[in-house]
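These notes concern the structure reproduced below.
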Amino acid sequence: MQSDINKNHLTMTEGLTYINESGLKEEESKNIVGYNINGSIIDLFTPLPTITKEVIPITIDSEDGLEMLRHSAAHILAAAVKNLFPTVKISIGPSIENGFYYDFDAERPFTPEDFPAIEAEMQRIINESIPFERIEISKAEALEFFSSLHENYKVEIINSLEDGNITLYRIGNFTDLCKGPHVPNTNFIKAFKLLSVAGAYWRGNENNQMLSRIYATAFPNKKLLKTYLTQLEEAKRRDHRKLGKELNLFEFHEDIAPGMVFWQPNGMLLRTILEDFLRKEHLKRGYQLVQGPQLLRRELWEKSGHYTNYKENMYFTEIEEDVYGIKPMNCVSHMLLYKTHLHSYRELPQRYFELGVVHRHEKSGVLHGLLRVRQFTQDDAHIICMPEQLEEEIIQVITFVRDLMSLFDFNYHIVISTRPEKSIGSDYAWELATSALIQAVEKINLPYSINHGDGAFYGPKIDIKVTDAIGREWQLSTIQCDFTLPERFELEYVGQDGKRHQPVMIHRAIFGSIERFIGILTEHYAGAFPTWLTPIQVKILTVTDAQTPFAKHVYSQLQDVGIRVGLDIRNEKLGFKIREAQLAKIPYILVIGQKELELESVNVRLRTGENIGMQSVTEFIKLVENDCIQPFKRGGMNYRFS
């Protein structure tokens, strides 16, 4: 079989010929790993099609080049593992954001203790500059080849493919099923690191074999790798799951409620502050507060399309022989609220806002702290308006998003997602909705990109992606335009002409999930939340028992003006109490000793360790008030102190 594969071996000749004739400098051509031709990414092994448009070279340090590099590194990882552990079966190994992984069926799961040996073998393969060879064979030949190697996972994949030629890639004595593209040889991987191990079910199905997944990353040079590893260490320090325990915010009990949050007192206070702020901001902007039930009959979910398109993510229960769905979204309830009476065009838009608890089934393997849960609260709003009001309403929502992102000091960018393969509604409605989103964004001169095919099943959407303090990207806000559900639920309004018309609906969530947003904020601020949001803003510490009465008096003064304050009058060493307050990331620490008692003042320290010095209680209250107000000025909003 090996000789049959050899005779189908394709070389890099055509790709290299193009590069040599392209007029590029020798140094530039060294970094080229492929090309973009007619919108397709092709490596140097793939025969060139008839060139009808511009051919764009892909360099190793470009986004496409980096993806090729990591995909190739995944093959090197698999080759190294097979060399060291010959009985291991290989499954899949794609590139992913910031790295790659490979899944193995091993006699025992891999552990980090295996990494040094695997990395050494990978480095040996890299040092030999082994070329990646592209091979095309028939489906029957591919089945025969992988069956002879007892690679059952590859056989299963091949059986699921349509008849025709199958593409393989080979480095040395290791051959893998793969479409490519890949870098020219193994020595293009200049820097890599194995990161972690995890369990992963074959094809993501919990009924299938549990595989051992090795996560890793690779970069074109060691400097980029070092920067990334430093960022990873910083991310570990900021991990919201770690900080959540340390700051008494939240916890999980996966044995009894997987993917559901238990809020501790500090976390519940922080969440309440955030939710109260959201309610006030929505009321100021013309929204009405509403709330719908948790359970709705299955017929409503069938009517909305959720039962057909989203059933696998929903929970159902039976009550008195009727099937009910636990809501995964709030839109159905909001449409029913709208329908309680007939609206005039003068009443539009109707803006409904709900901090709605929803449930969505996520597989246990993807649950991740607050960032991926099964029960969460959406800051969910639905705006029902006339088609001619649509653009202005979208602009107002984007403005709201901009204000909130400024408040939390997030940079952001906009992505518009278009119609997915699995969708409902007419072509005309989709075109109209997509056009409205694009026009609204362009009208306020904001840059955006298009993500084809990633819209909701009922309409296109705007996704707002933010960058946190250490450069990581998170998707937060979503704005969706929907002509379909108003039609399905027969929403109407009486127009200026006295006739009934169908409105359009905007689905939008700015934070998306309160739980997820708090998780992101925790990591963004490394647990040191801004003063206005911190559960405990001030901690009063006494030096001896003699200061206790005055400390209690200061405590009452601060409470009276709305400052969230704690009091520590324990008979402990002052240094210990200060350190404890700093670890709790309390913004202000007030020390009251004999001198402060005599002057009826407080000694002000910051959580950073800086000592501001002596202040009167009145001066300190003003300091805290200004600290709370400052972020809201940046966000273009007002802050009510108490």
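Just so you know, glycine gets a Cβ as well, placed from its N, Cα and C.
The region 'Catalytic' annotation in Swiss-Prot covers 239-530, and the record cites sequence analysis as its basis. The feature Zn(2+) binding site is assigned by Swiss-Prot to Cys331, His382, His507, with sequence analysis given as support.
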Practice problem: Run through the Cβ atoms and count how many others sit within 10 Å of the one on Cys331 (Zn(2+) binding site). | Solution: 23
Quiz item: Which one, from the binding-site residues His382, His507, has the smallest tally of other C-beta atoms lying within 10 Å of its C-beta?
Solution: His507
Quiz prompt | Segment-level pLDDT (mean, integer) for the region 'Catalytic' (239-530) | solution = 92
Quiz item: Where does His382 (Zn(2+) binding site) sit in DSSP terms: helix, strand, or coil?
Solution: strand
